[in-house]
Each structure stands twice: as structure tokens, then as C-alpha cells.
Amino acid sequence: MSRASFVREVEMAQNEMFAGPISDSMHSSVASFAHRRPRQGSRSSFNFFNVSESFRDQAWAGPEGPTSPGNEAVEDSDDDEDQYGASDSDEELEIGTSSRRKVIHIRDTLEDPLLVRHDSARTDLSGIHGEATRKTQEIYVEQEDLRMVIGGHTTNHMWKALSYAAAVPTAGIGWLLLQWIPKWRIQLLGNKAILHDAEWLAIENQWGQLEEVPIKSVRYDKPLSTVFGQVEKVPNPAFDMEEDNDPILHHLRYFDYRYIRFCYHPIKDKFIQITGYKDPAWTDVKALREGVSADDVEPRQLAFGKNDIVIESKTTGQLLMDEAVHPFYIFQIFSLILWSVDEYYYYAACIFFISAFSIGTTLIETKRTMARLSELSRFVCAVRVYRDGFWSQVDSNDLVPGDVYEVSDPSLTQFPCDSILLTGDCIVNESMLTGESVPVSKGPCTTPALRLLDLNASSIPPSLAKHFLFCGTKIIRSRKPQTDGTEEAVSVAVVVRTGFNTTKGALVRSMLFPKPSDFKFYRDSFRYIGVMGIIAALGFVASLINFIHLKLPAYLVIVRALDLITIVVPPALPATLTIGTSFALSRLKKSKIFCISPTRINVGGKLDVVCFDKTGTLTEDGLDVLGVRVVEQDKNMFSDLFTLPEELIPAQGAGAEGLEDGEGFTTREAMLKTMATCHSLNMVDGEMLGDPLDVKMFEFTHWRFEEIMKRKRAAGEGTDGNDAPNGIEGGPLGMVDGVRGAVYPPWAKGGQTVEPDDTSKGWALAICKQFEFVSSLRRASVVVRHFRAKGGYVYVKGAPECMRDICKPETLPDDYDELLAYYTHRGYRVIGCAAKYMPKLSWVRGHKLKRADAEKDLDFIGFIIFENKLKPQTEGVINELERAGIRKVMVTGDNILTAISVGRECSLVSSDEHIFVPRIVQGDPSEQNSTIEWESVDDPSIKLDNVTLTPLPPSPSESQLELSKPLTNDYSLAIPGDVFRWIIDFAPQQTIQAMLLRGQIFARMSPDEKHELVERLQEIEYCVGFCGDGANDCGALKAADVGISLSEAEASVAAPFTSRVFDTSCVPQIIKEGRASLVTSFSCFKYMSLYSAIQFTTVSILYKSGSNLGDFQFLYIDLFLILPIAVFMGWASPHPTLARKRLTPLLAQIFLAFLTQFAAYKLVEQQPWYVPPVVDTDKSNIRNSANSTLFWVSCWQYIATGWVLNGGKPYRKSVIHNVPFLLSILGCSAATLYLMTPWLPKWLFHLMDLTHVPNYWRVDIVLWGLLYFVVSWVTEKWIADRIGKVVVGVKRMMSKGEGKKRKEWKRIAERLREGGSV
């Protein structure tokens, strides 16, 4: 047996679409896009397959890139002949990030694994010199961060027949157990088999989910390389070998798991993921343009499937069957039968019809959700495809990898597959992927970029991404290529991934198969049900003994005793746990916050820290240009601030001649031309589209941008000596290959000047080549030429820190650092600019110029200064999070001093506390022996210890700021990206932990470093939220427990939450909704549990004398009291203010409910008018004084408990704001009062099985109910928490002082406060 509990083993259909109880299944239809990188420290959990711990731990680290050709995303382990599981192995896995790599050796046991393994080629070439022997295999899918173990099986038909035959005599219980516990089913009905011969596979993932997947086989008769790519040149007599050692694959064996296809490699004897297939013929761009032949289309569709994202929806019958065999509904059916046998016909019938109505309506909603998902995922259009040298029109779902199709087709509105642009250019909207709605330019791919293509990697490298067209992204504009021939040219792309293998397929797959939520609340809920089940079993035994003592018939004894079980385990409990989430989803949607992972809403209520991007998140997206400061070369100092572009223009006639003669430039004009040309803007329908910063910078110049369109060259038209078309000046601008556009000053017209001899001839610029912004370089550049000039220019803009590396030292002014510090300390964003003149740069040479040659030996020309204004909501949000005890962290790519200034302005860090910044005083960030020094930005004489990061006491004579800003334990750290990387790679563990605890600002962080910061915070058990707005935040948004993307898209791959209100106000709103949802779930759980405890107490007391509640009494309690109170309990909105408060336990309320009923029972027995129950051997005697009294008392308990447990402040609004709940409480109270009145109609009096009692007793019961309400309220508000602390204290004493394990970050913080070592 597995070590897992029975509840854990009841896994039926957990990983199937819309499986499980329908009440729970709705949330599983949409889910978060789980982060795609393995998280260090996380673990796989395999219950069925016995995978060793050491291999499991290392498996999570995973390789960053390919491990072998055709097997990039798959790792495997050999199996033992006698059991499932990976055999002892000694493996080396290469792991790391973009900046480091390391090799970890793995050993599974103390015994040397090399003694039991074959030679080193066994893993990759198993079966090559003999028969296939592998029975199990471990697979890691990097794109999905999914690890699983597969085991081959064949069906044991004899046991299968016996299991069906045994279903009848066991009343289906045996068959149900096999459905509920897949492990037993697989062990009983399956025979272990080698993968080569297996008929189906047992697959278990790292979350312990077990599934059976059939292996399909089709006739193929094509070379092995057509499925797996490049094949190793190893001779094998078992295969037909071609001249290139590419054997023929006669039968293609494959299986699909979560819409990911794995094909069996007969030489390697293992299944390999083929989503990353790369044709061996894709060696250069020219080869890609050949396309595929018609003969290759069908085999590729067999191997990779059709280019269609089709969700295999279950039929209505299948959905009903899934619900019918689920333990929850089996328990319902059992209860209905039991109630009918006990003659509770009305109650059983009502519950049956209500359940049927609920199932029916939910089925309809499920089908609608499935239809919406299908509509979102499937896209089919007509495309023009190039096959066998001819163009033809086909449906997009017929595309296969290698197909060349036309992108410039006007009817094509979005890309039908993942592809690479070969000719022409495009502007696309990738908000579905990144959450950023800024249009992105795509250009034709080059052979060097093509060599970076690795379709098994978790992401596309930036140098290839600018040519990569992602499936599902919208086409804003597509232009045909620029050619001089008379043949009509089109913009084309080559298909590289289709169907579910595409990026859009990954989005849909993430919705269908969310990462399971291992939320502690749900675990505790099922533990409570287990405890109540034990109580029910004890009650069953006690009732059995009591009924035998009363000499009741055997059937009545069994029925009544079993009835206790149906009371203790509330059948509506699973549904009530999702009520709060459903209401929270609806409220978030009204606030324009969309969620594709409802399970993350509750996680949002547990956040410990929220990381914010700066630009566009905390500050305004559109920065305003404050002005520019240029270098005055004669003084070697910066000039005054220029706020108008006219101030940068030289006097009339000065400069144009010099430009044409190639005599260099002045810093003023170079600055103006840098701002006019060094950007990635595009003109679409007369509107400038691109990065908001670029837009503001270009608008400052008042220049005009004109994209150069194709113009066919007339016959006999040649070029001048500079390779520029002769028509460059006459009429509309001619076309130059590689030139993306031209810019003109405000006094010039596009393509022409007002006066031929005007200086504007020298000012009009053609952009020959553009080097886009790269995060690792922190700069962008362009190569430009003046028309009719002999040379060209390189203009660069980027982070001021990178200017020293690319500029001549003598061109940097003396006040460089002083001026930079002045503006960054005041929160301005500063961009450095540089330029150089290249006298022999022709059009052709400019197009071929390499980036490394362009961005060196530059002249520094000055700073562009942007105003970085805070968004109006930012400071309020930060303060609200502070009051709630939630930590705030800024993670930005901007300058560290600018980030500190913004952090202080928005109160993310206090203006009174010291902020320490590290700098490398010796060595390099990539060297382990480098030395780092931490100093305060306000007083450099105050420093930190390099290991513990605790303050070193400054000398009194050195510091002048001590009195105004005393040094205390309340200080923060601001860390730049290069130091962050050094600390992560080389610093001691206590330094890393201190940095993670004290770091409030992380600046100059690359996307990968943002991602790693989130994961490092999670390692010390922080629950992390991340809020960002751009593509640079994608990895961090995916990795965070709660990722919030500020985007126009309703659903994005970037994050589970998407806010269409572009400010941080969505963060506290999500936290409030998360806490409100948690409190709602907890309140509903407590209420349903108390309801079952109260009813259990009532029935147990009545059982003592052979009595029970009546049919309509049960009906009244369940339908008219419990149902409306439980449903409308979740209607409450979150409280407008975040606060800190613990949830209270349930033990005290259960004890109080029992005590109240027991006292009422004893009191009614002592009354002179008491009518005792008469034991009836045929049925229960219901009409007695104890029954009526306990029925009325319990009704008031249900109502009072609903009010008391419906928590308001501090997480939700007060109960008085929940109008539907108030009406339900008033309605239930009025109905119960009416049932207690002496003038109740006789028919209703008898229907409710009531007995006559004196009027004073009725008043006493009402007062008794009020007293219970007061005591219960006081208990919940004041006593329960103290009882909980006592219970925790007792538990801690019993566990030898260990107590509840605190989160790691809290223990570290406590040690830091005490001044000890981390």
C-alpha cells in the first residue's frame, strides 16, 4: 500500500477534463499558467513508482537546455526487473541559468551504481545490441515544469473479466474501489511489460496523480529522422539503413499525455517528446524557404498531429458517469436509499430532486465552459502555402512543420501556428503572451539567429524572438519584402510548431491542467471529516448497543445506526468550500480583474510579500522628457538643461556642409539625431506605435518618421557610388535594401525639401540598421546615413552605467558621476547617449555592420532626462500593504539611485531609515574572489558587515548625519543586478538570506534575475506576489504564487491575474478578495461542520430513548435553514481595509452546542407536562416533548451559529452590508418563531411532528436561543482564540516543545532582530 491516506488515493479522474464532483470541476476548467522553470528546492512526489529520493531531488533541478539531440526535454532512468522505479544511477545533470552552469553528480544508494549499470551508452542507445528491456522511464518536460514516471503494461484479460463478474455479488463496491483507487486497478488489471511491447502506460506525475494512457501505433515507413530529428550515426543490423545511417521506422508508436506527444524511439528504447522537433535540413534560411513536398505532409501529420487545438470534450453521458461514480455522489445515493428505507420519503425525494437539478444546471454550465474554451482555442483559416514549387490554398489546420506560408495575405488576422518570418516584416500584438500591449516589430530571420532555435527550451532566446511569430498573436501590419525584380514578392514564414505544441497550445493546456493546489485549509478540512467519521463510528457503536438494549428490530437498528454517518459527514460540504471563490471571481471581473486560475484567489489571501516592477507599475508608463544635458567639448563639462529641440539645432548653414564632407558632428546635433533615430517605433495608419518612452523621446524632437515602402526600380535605373538608388532625392523616396525608414526635421517634407539648397538636406536621415534593446547589454543602437553623404553614423542610447564600457574615456565629462547622482537621487530616469562617425560607411557596409563593431569607441554626447512620475494610486497602495503587514519589494531594470528615490517617494522605504547599496571595490561580478562593500547612500561612512549584512558602528568624527538619521535595526538594502548575481553565485548562505530579508529595492535586474529573485524568496517560504506590466516580467509573473499582469488582455500566458486597470490598486483588491474568500470558505466549513455536529447531538440524544427527528423536521432544517444561510454567507464583500488577524478554531463552538442541547434535554425531562417517547419496534416515536424541544433549540442554534460564524471585520464587510444574508436570517427566524406559536395550523402542526407544550416553555426556548447566541458570539470573539492557543501549547508540550513549524523567513527575521548569525 502507498503511504498516502485513503483520501489521497481516491484520485479518480483528477487529471481529466471536467472530472470529479461537478461542484468542484468548474474551477478546474480554467487555471493558472504554471511557471515553466523548475524551482530549486521543490520536490516530486511519486507514490506508485518507487523513485529514489536523491534522483527525485536532482530531477527538479533539471537541465537548462538539450541533453542530447532529439531528447532535449526528456530524461530517463532504467528500471529494476522486480519492481517499478528507477534503478540506482550515477548521472550528471547540467543545470544553471544564463550566467552560470554547474554539474551535479547524483547517487541513489550507498552502493556504487556503476556496478549495476551497463556501459555509459546504455541510457541513450539501450537496445541497440540486443532486445529492448526498459519497463519504466522518468521524463521531465521542461516547458511545462512537469516530471513524471511511465510504466509499460499489457492488460490482464482474466482479471479484467473477474473484476466485472465480481461487480454483481459485491453490489458494485469492488468495481467502485478500482475506479476510486487507480493504483489498485493498475496492479490488478495490468501486467508489467517492456515499453517496446506495452499496450498502455501507467503515468504518475510529481503531484502523485496517476493515469492510464493507451499507446497508439500506426504504419509509418519513413526515416527515423522525420520524427526525432538528427539521428546518431550508429550501425544497427536490426534496422534497414539508408546511406546516411537513417533507419526506417516502420511503425510509429506514441502516446499523448495532456496533449503532449511522446514517440517511442526503437534504438534508444524510450519515449521521447517530439514537440521540439527540428528538421535536420533546417541548416540555413535558404533551406527553410524550400518548404515541404506534398508527400511529406501526411507523415508529418501522423507524427505531429494536425495544426488544430481541439479539446477532447466529454459527452454529457460521460460527465454524468464521472459524477455518478465519484465517492461524493455514491455517498449521496447511499444516503437516499437509507432515508427511504427509514420511511423518510419526502426528505429523500426533495434531496434527490435538488441534487438532480444541481447536477443538471452544472452540467449545462460545464458544457458552456467547454464550448467557450473550444472557441478560445480553435482557430482555422485559409492560408496560401508553398509546396512542390507551387502556391496553393489550404486550411490552416493542414499545416505541418516545414511548411512555408504567406504572411502578407490581407485576410490573415492572426498567426495560425508558431513560425519563423523569412521575408518581409510584421508588427504584431503579443499581449496574449506577455501581457504587454506595446506592438512588437518582427523582421526576417538570419542564419545565425536560426542556429539558436531550440524548440524544447522553455523560452525563445531574444535574438531569435524578433523573428519568431507566436501562434495566436494578432497581426497589426504585414509588409511584403523589398526586392528589385519584377516578380511579385510576398512575405512568408516557415512553420516550426503546430497544434498544442505551439505557445497558444501551452496557454490552453495550462487552463486545462492547472498545477494542483496543496492548500493547507483543504487538507485540514478532510482531516476534520476524518475525525468526524471516527466520531460517527463511535456513535454508530453506541447507538447499536442502545438499540439492542431497547430490543428494536435488527433492520431498524442497522438503519438508525448508519443514519448517524449521513448526519456527521455533511453532503454539501465540498460545494460550500468553493462558494467564496465563486463570488470573489464575479466581483473581480466587475473590477476588470480577470483570473484564469480561481485556485490562486485563496492563495492571494496568504501573501507575505509583493514585488512590484517600477516603470509602468509604480510610476507612469509614459515618461515626459524633462530635457537634455549635452557635453560641452571645450569645457569637458555638461551644458545647461535644454528643454526645447530648437536649442539643439546649430545656426543656419552651420553643419550641413560638414556633414556631407564627413567632418564629424557636434554634441547638440548628435543628441537631436539620436533622439530622432534610435528607437523601435513604427508608423501604422498614421499613428506612431512602440515603446512609450521611445514615443515621448521622438515627440520631443518634433521630427517626422517615414517608413520606406517598396518601389520597383525602373529599367536602366542604376545606383550611385554609395550604392544608394539614384532616385533618392527626386520625388518619393526610393528603396534601399535593409533601410527601415527615414526621419525628417520639421522644416522638411517627406522625400523632398522646401528649398533644394536648404540645410535640411544634411539633416534628413535614413536608418540603415537597427540593433534592438537587449536586457543584458542595457542599450540599443542604430546605424544611419545622411542622403548624398559619403559616411555614416552610429547612435546609441542606454543605461548610463554601460556608457563607460563603450565610450572613449576622454569623452566622458568630469562631472559625469555628479550629474548622474543629482538626477537619479531626485527620481528622474536618465538615459545616456553616444555617437560616432564612420567616414567609409556605405549603404551595404552599414547593413552588414556587426553590433560589436558599431558599439565601441564611441563619443559620449550627453544625457536624456525623463520625469518618472508616480501613479496617483501608488503611495496609497503601498501604505495599505504596510498597515496589513505585507512586505513590499521593488524590482526594476532602472538605475539604482532612481529606484531608491521612487521607493522613498512612494513610502516603499522610509525616508528616515538608512538604505545600504553594495559596490564591487575589487574584482569583477563574475569572479568569486571579488570584494563587495556596503555603504549608506546618505552617509558613505556607515557600512555593513560583508557577511552578516549588519551595521558596523561608524566613527563619531566621520558621520554628520547620525543625529538626523540614527542607525537602528530598521534599515534596508538596495541591490543592483550584477551584485545580486554575485551574491547568489558566490556569497555564503547567511549573506543570501540576509539580502532576501533586508532587500527592499532590486535595480538593474534582468528578466532572468527577476525570476530567480521570486524563486529565492519562495525557498525561504515566502508566499510571493508579483505585479508587472511588461515582457521583462514574464518569468517572474509565472513563477510567483500570485502573478498580476497589468494588460489589456483578458487572459494572458504571463500571469494568472490580468488587470485592465493599469495601476497597483488591483493588488490590495486581490489580497482582500483572497482573504474574504478564505474567510468565507472557512466560515462555511465551520458552519457546515457545526450543523452536522448540532444535528448529530440532537439525534444521538433522541436515540437514547428510541426517538428521532421527523421527516419534515429534517427537511425544514436542511432546506429552509441551512441552505440559504450557507449560500448567502459567501455573499459578503471584502473589507475595504487590510488588517492582520488570526482565524479562530471550531472546538469551543462544538462543545457549546452539545452543552446547550444536553441542558435543554435534561430540563424538559423534569417538566410535569413532559411526554416521554414510547419505544415502537416498527418505527421511531417522534411525537414527544424531547423531540419538539430539541428541534426548536437546534433551529435557533443553526440560525445563531450562521450569524456568529459569518465573520465580518477585519477581512470582510460587516454582516449588515450582506443584505441577502440578513434577509435569510430574518426569514429563518420568522419561520422558526411561527412554528413555535400556539396558533399554528393543525395540518402544519402534525406535518412537523410537534407536540403541545406550555406557552412559557416556548418563551423559554426563545430566550434559550438568545442566550446561546450571546454566549456563542462571546466565545467566537474572545474565548475561542485563547482556547486555540492553549491547545497549541498542550500540543507543543506533547511534541517535546517542537510545536508548529514557523516559516523559514520568520525564523531568519527573528535571528536578524536579535543580532545573531543568520
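Any Cβ shown, glycine's included, is placed from N, Cα and C.
As recorded in TrEMBL:
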type     : residues  : note
REGION   : 22-45     : region 'Disordered'
REGION   : 57-97     : region 'Disordered'
COMPBIAS : 73-94     : compositional bias 'Acidic residues'
DOMAIN   : 144-265   : domain 'P5B-type ATPase N-terminal'
TRANSMEM : 344-364   : transmembrane segment
DOMAIN   : 383-511   : domain 'P-type ATPase A'
TRANSMEM : 528-548   : transmembrane segment
TRANSMEM : 554-585   : transmembrane segment
TRANSMEM : 1084-1103 : transmembrane segment
TRANSMEM : 1115-1134 : transmembrane segment
TRANSMEM : 1218-1236 : transmembrane segment
TRANSMEM : 1256-1275 : transmembrane segment
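Looking at which of 528-548, 1115-1134, 1218-1236, 1256-1275 has the most CB pairs under 8 Å to the transmembrane segment (344-364), the answer is the stretch 1115-1134.
Taking Cβ pairs closer than 8 Å, the transmembrane segment (528-548) reaches residues 7, 556-557, 560-562, 564-565, 567-569, 573, 1085, 1089, 1092-1093, 1096, 1100, 1103-1104, 1106, 1146 in its own chain, all 6 or more past its ends. In terms of C-beta pairs under 8 Å, the stretch of 1115-1134, 1218-1236, 1256-1275 lying closest in packing to the transmembrane segment (1084-1103) is 1115-1134. Within the chain carrying the transmembrane segment (1115-1134), a Cβ under 8 angstroms from the stretch's Cβ atoms is held by residues 346-347, 350-351, 354, 572, 576, 579-580, 582-583, 587, 1069, 1072-1073, 1075-1076, 1080, 1083-1084, 1087-1088, 1091, 1095, 1109, 1194-1195, 1198-1199, 1202, 1205-1206, 1208, 1211-1213, 1215, 1217-1218, 1220-1221, 1223-1225, 1227-1228, 1231-1232, 1235, 1248, all 6 or more beyond its ends. As a summary of secondary structure, the domain 'P-type ATPase A' (383-511) carries 27 helix, 41 strand, 61 coil according to DSSP. Residues 1148-1149, 1152, 1156, 1160, 1164, 1167, 1189, 1192-1193, 1195-1197, 1199-1201, 1203-1204, 1233, 1236-1238 of the same chain lie 6+ residues outside the transmembrane segment (1256-1275) yet bring a C-beta within less than 8 angstroms of a C-beta in it. For the domain 'P5B-type ATPase N-terminal' (144-265), residue counts in helix, strand and coil come to 32 helix, 49 strand, 41 coil, using DSSP. Mean pLDDT for the domain 'P-type ATPase A' (383-511) in this predicted model: 83.
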